[in-house]
Amino acid sequence: MLKFIQNNREITALLAVVLLFVLPGFLDRQYLSVQTLTMVYSSAQILILLAMGATLVMLTRNIDVSVGSITGMCAVLLGMLLNAGYSLPVACVATLLLGLLAGFFNGVLVAWLKIPAIVATLGTLGLYRGIMLLWTGGKWIEGLPAELKQLSAPLLLGVSAIGWLTIILVAFMAWLLAKTAFGRSFYATGDNLQGARQLGVRTEAIRIVAFSLNGCMAALAGIVFASQIGFIPNQTGTGLEMKAIAACVLGGISLLGGSGAIIGAVLGAWFLTQIDSVLVLLRIPAWWNDFIAGLVLLAVLVFDGRLRCALERNLRRQKYARFMTPPPSVKPASSGKKREAA
């Protein structure tokens, strides 16, 4: 049973999402509707994109805590370009390139300069946030064109154009990681760095690619954020990095690298977002969201740690079972007495 749970974390995450959707339905039948699903998905798109990028980094046994700042910085660039008169396609391409460049810089610090990922990205977290505030002067960016907001308007089956793009990206990345040698290189790099090098995997390049794509996903999340609310506050992206990491852990992405699936991270992001809608239904103040999400994450981490320890004990027991000789059987004393009498 323990091995099944460990090997099928996506199934357990899916069950948690389904239960969190069904149980509130007993309190309000209107909650069980397609409209609720589309609403939750629309709210979850930013976190899903960030979780997809964080998955690539975590698979290589690294972590990036600067994605919130990258999201904010890229959203600010998008707003500035649009207000300066540039077209939406040009502004979006420039925004994605900035995110790619920011992620590439993180990757260079980690892979080439050998700076621990948590230290490097803590530094760039402040750097990118500072650039964002320098560009805006601490002010909000408003007056964005209506065509930007159309990106998040319902297009087909209640899902926006960006929503469908997110679905396509999830499917493509799931296929890439599961079915291609390039995708498996991320797992190999995080599972055994030296072993991956001996197999010919360019581990430094893989880690740089992981950070670069993570930055690109953060930039896309910034575009989604701006299109959904129509303006850009000076604190855009604050705290999103922790939610992205939490979504990955909830979905079964190992902090030790080398295991997990993109679908699990998406389900984790959906679960964290769905908590908001349940709190609204239960009329619980919104500031409870972080507390409940943190409590759930802590419970998952404790459970994951205990599960890993139990599996390791079981594997050791199976490994050394053939070396353990059974204790010698003790013959009954009565049989010995009968032989002496004979």
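Cβ atoms here come from the backbone N, Cα and C positions, even for glycine.
Swiss-Prot assigns Thr38 and Gly237 to the same side of the membrane.
Same-chain neighbours of the transmembrane segment (213-233): 42, 45-46, 49-50, 52-54, 56-57, 64, 67-68, 70-76, 78-79, 92, 95-96, 98-104, 106, 136, 140-144, 148-152, 162, 166, 240, counting only residues six or more beyond its ends whose CB sits under 8 Å from a CB of the stretch. Looking only at the topological domain 'Periplasmic' (273-283), the predicted model's pLDDT averages out at 82.
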